[in-house]
Amino acid sequence: MSSCCSKDPGKKTEEAKTSSCCAPQAPVSESPAGCCAPAEETTISSCCDQPKDKPDWFLRICFLLVLFFYSLSFDGWLRDTGLPDVFLWRLSPAMDVMAHTVHELVNTMWFSVVLAAIFVGFLAKIPQSFVLSILGRGGSVSGLGRATVAGVLMDLCSHGILMVAMQLYRKGASLGQVMAFLVASPWNSLSLTLILIALVGWKWTLAFIVLSMALAFTTGYLFDLLSRKGHLPENPFAAELEEGFEFWPEAKRQWRELKIDRAWWLSVWEEAISGSKMVVRWLLFGVLLAALIRGFVSLDDFQQYFGPSLLGLGATLLAATIIEVCSEGSTPIAADLMTRANAPGNSFAFLMTGVATDYTEVMVIKDTMKSWKTALFLPLLCVPQVVVVAVILNQMA
């Protein structure tokens, strides 16, 4: 009797070809769901998020528009050099603001985004057992604590953190661990912490760090709780750590067996591109949206309505949702809300709600986890906690 795992030797070569990450998926769907069907075929992310016959036009259009506005920012430089002014056909002064906004945001974010993409490429090469060993058991207090601390220590911008968080999800981290890592990370990098200390003082900075870690932990706990009760889908990539797994002996063994050659580096590069494409497409759109808002809404009007009141807090939440700024951009704005508007709660809310309500995060979570419900539960669970803390901080001021 032929078992459900038997294969025709003559078809091995053909099957190997069709198992490529960019190959058509028909052979996989036609095979019976046998008792020995490898789980990797249904869980490993493909290097081709978009089929070859369906180009990602959204990404291409956003990239071309960003490139267009970025080129407009050199208009002033061209005037100073006396070269022909080829960009003076702009329709309004708002175009000038939009061009410089795109130039500023791209120059601020590009390094962190590239660094995060490279990190994602290397992370894809790390076996799942190592990631699970470092993060701990999903759904546990220690696992959530480790994910929260990892988010605080990760020195990347908020969009770079988003790439890493989605890769951790693919590596089997629980839903709560991913959200705890994400919520704890928007501005809690070493460099931005030092900047915030210089802008608002070490006491408020320390308070913001502790409060953000607490909110990240509780948000992650609620996600894990809802996932266990079946209200939210569990991570299909989740796996249990093997019995008797020892991190350092296994790491030494695999390091000795690792062959780092040109093909290995190329695969890292491919993983970096495929893992970051989904984030970059929404990030570029966010840059365009931020440029549009800055071009037609003055900074004075923006700051005038952000005092320490419920109206100011509501305006802050709305601004954090609409305005797409990276962590490097949100930190100075948050400091300005505290020093000029005397609203520490609004400052904290602006830092925290960006990751929870920002459409980039929501859309990337939806695309990665294939669930609108999971994506929308992030602001639903996180924002009320932020509002309560922000109101208390404003009262203290």
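Heads up, the Cβ atoms here are built off N, Cα and C, so glycines get one too.
All TrEMBL annotations are machine predictions without curation.
Residues or ranges marked as transmembrane segment in TrEMBL: 57-78, 105-124, 144-166, 178-198, 204-223, 279-299, 305-323, 375-393.
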Out of 57-78, 105-124, 204-223, which stretch has the largest tally of CB pairs under 8 angstroms to the transmembrane segment (279-299)?
57-78
Which listed range (57-78, 105-124, 375-393) shows the maximal number of Cβ pairs under 8 Å with respect to the transmembrane segment (204-223)?
375-393
Using a Cβ cut-off under 8 Å, which residues of the same chain at least 6 positions beyond either end of the transmembrane segment (375-393) come close to it?
179, 182-183, 211, 215, 218-219, 222-223, 226, 232, 310, 313, 316-317, 344-346, 348-349, 352-353, 355-357, 361-363, 365-366, 369
